[in-house]
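Heads up, the thing below is written out as structure tokens.
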């Protein structure tokens, strides 16, 4: 038996070390490309509202699978995506039976359950579903449900279903007790128990040996499974399956009154806080050289207004076109003192629970609605036209080069063609399979098509399209070509 334990312990450690090998980690929001050891981590792309990332971010892929990464539409009534993020579509929440539904699940919003029930039912916080208004026991221990009273239920049926199950009617006087067992029955029972005890004692040695062996094997199996789960949890990045996402959504939306399970600040962020961005003068058109202020208006349940101090518990972060803006942390107001045309774009603000900034636990974030800022040229200046860009140094070396490079999550020339309404037949004619220059030649042809069909197209508007497909690298290189001096000439 001792030799068996030594061997099992040895094999246990060998298996454990093999399973919990953690040499190939990737940071959060990355795919792991297992057959590309030189660059195994691939950042996940963001998908807009109503679309989810496929395969799920954090998946283990092969090189051949990379081109299949895409944002797929969620299914109305079954899944949704309410964030501009690398998440996959999440399963719609299912309200409890008899629970009143405020709004059904759409592709961009989850089901809105009311936590109130139909007539003759009440919402039970212990089971998180609707229970029938039940019979009261009238023994001073009844739990009367306010929702049952509001439904107009009779006084005899306004109580918790759990109390009704525990309620035992009092014994009526005069009723006889169940007959006691006769002496002969007692004697027979005693003899049987004694015989059984003797037989059990005889088999103790055999049972303990077999049980010990089985216990050791079971211990190894359980430990190996646990180690495998740990590896899946920490290897590369944690990701939620549809089932886990549904459980997590249920947990976050239901168990909000249990401080031992959920951080009160995170609960506040998840269920009550909403952020709304606004311009200081939203009715005006902003021009370069002017001052612009983007402020945030916070809204939450007024009942908790005195309990929440956003300055102490929330950390704010500003983003432009999905990238963090440095130098503006912890501010609810973003001030752009002197606008540049290149400041145009999509702005967002996140509020994060400050209790989890140590990185040891996950912090809940709330993201504001997006605000798009347009910037007009200043006096005596105008937007530069796309056809006026230098053909070789800009059109070929910058635009065509980047649009011909296939990068997961970033659109190429074909997405530009789609945004500019080039028909499918036109796209087929410039498809790289029919060109010796491949994608590079197709990118050049796409630019020529846009210039010929839209001769007044501006670099500014072209950059707007590039931002939609995350070609921010091109946009950055075109910032110096957005505007020019308006001297009355056709070119500048």
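We number each residue from 1, going along the chain as drawn.
Here the Cβ of each residue, glycine as well, is placed from N, Cα and C on the backbone.
Model, not experiment: these values are computed from the prediction.
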Which one of these stretches, 126-147, 148-169, 170-191, shows up in TrEMBL as region 'Disordered'?
170-191
Range annotated as transmembrane segment in TrEMBL, from 99-120, 209-230, 231-252:
209-230
Nearest of the disulfide-bonded residues (92, 95, 113) to residue 74 (disulfide bond), judged by Cα-Cα distance:
92
Return the residues near residue 92 (disulfide bond) by Cβ distance under 8 Å, restricted to its own chain and a separation of at least 6 in sequence.
77, 78, 79, 80, 105, 110, 111
Fewest other C-beta atoms within 10 angstroms, as judged across 74, 89, 95, 105, which are the disulfide-bonded residues:
95
Just give the helix, strand and coil counts over the domain 'TNFR-Cys' (73-113), going by DSSP.
0 helix, 13 strand, 28 coil
For residue 113 (disulfide bond), just count the other CB atoms lying within 10 A of its CB, please.
19
Counts by DSSP class (helix H/G/I, strand E/B, coil) across the domain 'Death' (412-482):
51 helix, 1 strand, 19 coil
